[in-house]
Amino acid sequence: MAAKFGIKTTSSFFLVLCLTVIMFFTLSCFAADPDPLQDICVADLNSTIKINGYPCKPESEVTSDDFFYSGLVEESSTDNPEGFGRRPGDVKYFPGLNTQGLTVNRIDLAPGGIIPLHVHPRASESNFVIKGLVLFGFITTDDILYAKVMKPRELSIIPRGLVHFAVNVGKGKADLLAVFNSQLPGFANIPTNLFNSTPTIADYILAKNFRVDEKVIAIIKSKFGPNNSLSTGTWKDI
C-alpha cells in the first residue's frame, strides 16, 4: 500500500510540474530572457567564455540526458533558521534550459517556515502550491501589500522585481513549485543584503534608514553570520 501511495504521489507531482511548465513556457508574453536563435543550446558550464548566459555545448556532445532532469523529485532539507529548502531547476543545474527562458524550483517549507523578503531582478514568478497552506505576499513600489493564503492547486503571480515573501501557515509541511520566466532569475535576499553584505554597510547608515540606535543594528547583524542565515545556503547560487 505504501509503495502504491508513493507512486501515486510522485505521478501527481510530475503532472503538476508538467502543466505548470507548459503554461509558462508556451506563453510568449511571459518571456524575460532573449528569444533563442537556434533549436537547442545546452549550456557549457565549463566554458571560460563570459557572455549573457552560457555558451552552447557542441551539438556533437549533446545527449538526450541534457534535456531531462530529476532534481526536483526528492524533498529538500528545511533544517535551517528559516525552515525552508529548495531543489533548484535553473540552468546551472539543468543545462538544457540554456536560452529557453525558464526556471522551475521545488520549495519545501516546514511548519512556520518562511521564504525571507526578497526580489528576483530578472524574472516574474508564478507559484503553484502542491501541499499545505502558504501565505504569499508582495509589495508594490507604492508600498501596497497584496497577500493571500494559498491552498493546494492554487496559482499566484509575483511581478518582476517586487519585494515578496512566503510563509507556511499550515500545521504540516508545505510543497510548491516556483516557476520563473528566466533561466537565471536572480535572488536578492533583503535581510542578508542589508545586514550581511561584503563589505558591510556602516551601522550608522542602517540606523538612519530604520530610525533606530546603532546598537540595535549591531545586534541584528550578529544574527546574520555565516552559520545563522541563508547567506551561504539555499538561495545564494540562484
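For all residues, glycine too, the Cβ spot is worked out from N, Cα and C.
Annotations in TrEMBL come from automatic prediction, not curation.
Note that the coordinates shown come from a computational prediction; the quantities given were computed from them, not determined experimentally.
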### Query
Which one is it, C18, C56, that TrEMBL ties to C41 with a disulfide?
C56
#### Entry: DSSP-assigned states of the domain 'Cupin type-1' (70-218) in counts, ordered helix, strand, coil
22 helix, 55 strand, 72 coil
## Note on the structure
If you tally other C-beta atoms within 10 angstroms for each of the binding-site residues H120, H164, the top scorer is H120
#### Entry: Residues satisfying Cβ distance under 8 Å from C56 (disulfide bond), sequence separation of at least 6
Q38, I40, C41, V42, A43, D44, N98
